[in-house]
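Peer 1: One structure coming up, written as structure tokens, with questions to follow.
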Amino acid sequence: MWWFQQGLSVLPAALVVWSAASFVFSYITAIVLHHVDPLVPYISDTGTIPPERCLFGIMLNISAFLGVATMYVRYKQVYALNPEKSKIIKLNKIGLTLGLMSCFGLCVIANFQKCILYYIHVVGACLTFGVGAIYMLVQTVLSYLMQPEVHSKDVFWIRLTVLLWCCSSIVSMFVSSVVLYSGLYGTNLVQKLHWAPQEKGYTAHLISTVSEWSLAFSFLSFFLTYIRDFQKISLRAVVSLHGQTLYNTPQSLLTEEQALLIAGSI
């Protein structure tokens, strides 16, 4: 049996691979069509102009769905492992709520492009990565609280390291973006897709774009730590029938039908 066939480990693996592919494919398409510069453009810039915009949008929408599924399974797993610990249960519910908000933000990023509806796009980015970072924090705290009975110390330290990587990328991107869009280097830079190294503000732009890519991959890397956990869990659906047909049967007829079934079984 392959590793991705064990439990539900394929779920976080698919989330990471698919999301990374959505960034890479749209980047390659934008570069081939000369819509952006090859040297580290903004991720959002690679999904601004058709046809890469269409590819970027549909792939990120699927990533959001995979994210919801992964976070829900993680929620159910933590709850099943700690059914009587109120502190962990409360944090687990908070984590699920934050995770769903982050996935909704990813849908906003996918469907509201930077050059068209900038402020809505920024709100989506804040939900995805800002709220997503808090989700990572909650899951890291849960890992700490569940060690050593459920989690090993190594898992906790790995998640803490990825969380610090994510937070440092957020700080770097925020500071460089504030400097870049402060007005010192011109106006309407949001619509600018091509930069030359000799232009003013190029260094701040480069730091900002590198930080954004770093932030995206740190966020995805966190879900790689779920793979081993998900190998030990599976979900199944149980069907419970409330009638023998799918028609809206009157209650009197339903009672007679049940009586006949009982008589037939006797």
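Note that the numbers count up from 1, one per residue, in the order the chain is shown.
Heads up, the Cβ atoms here are built off N, Cα and C, so glycines get one too.
Because TrEMBL annotations are produced automatically, they should be read as predictions rather than curated entries.
Okay, so TrEMBL annotates it like this:
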{"type": "DOMAIN", "residues": "8-233", "note": "domain 'CWH43-like N-terminal'"}
{"type": "TRANSMEM", "residues": "12-35", "note": "transmembrane segment"}
{"type": "TRANSMEM", "residues": "55-73", "note": "transmembrane segment"}
{"type": "TRANSMEM", "residues": "94-112", "note": "transmembrane segment"}
{"type": "TRANSMEM", "residues": "118-145", "note": "transmembrane segment"}
{"type": "TRANSMEM", "residues": "157-182", "note": "transmembrane segment"}
{"type": "TRANSMEM", "residues": "202-227", "note": "transmembrane segment"}
Peer 1: Given a Cβ distance threshold of under 8 angstroms, which distant residues of the chain, six or more beyond its ends, lie next to the transmembrane segment (12-35)?
Peer 2: 4, 41, 43, 45-49, 51-53, 55-56, 59-60, 62-63, 66-67, 70, 193, 213, 216-217, 220-221, 223-224, 226-227, 230
Peer 1: So if I exclude everything within five residues of the ends of the transmembrane segment (202-227), which remaining residues of that chain have a CB under 8 angstroms from its CBs? That is, six or more out.
Peer 2: 3, 9, 11-13, 15-16, 19-20, 23, 39-43, 70, 74, 128-129, 132-133, 136, 139, 155, 158-159, 162-163, 165-166, 169-170, 172-173, 176-177, 179-180, 185, 195-196
Peer 1: Under 8 Å between C-beta atoms and at least six residues away from its ends: which parts of the chain pack against the transmembrane segment (55-73)?
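Peer 2: Sequence-remote neighbours of the transmembrane segment (55-73) are 8, 11-12, 14-15, 18-19, 21-22, 25-26, 29, 46-47, 95-96, 99-100, 102-104, 106-107, 109-111, 135, 223, 226, 230, 233, 235.
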Peer 1: In the same chain, which residue numbers or ranges, 6 or more beyond the ends of the transmembrane segment (94-112), come under 8 angstroms Cβ to Cβ?
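Peer 2: Non-local partners: 44, 47, 56-61, 63-65, 67-68, 71-72, 74-75, 78, 120-121, 123-129, 131-132, 134-135, 138-139, 142.
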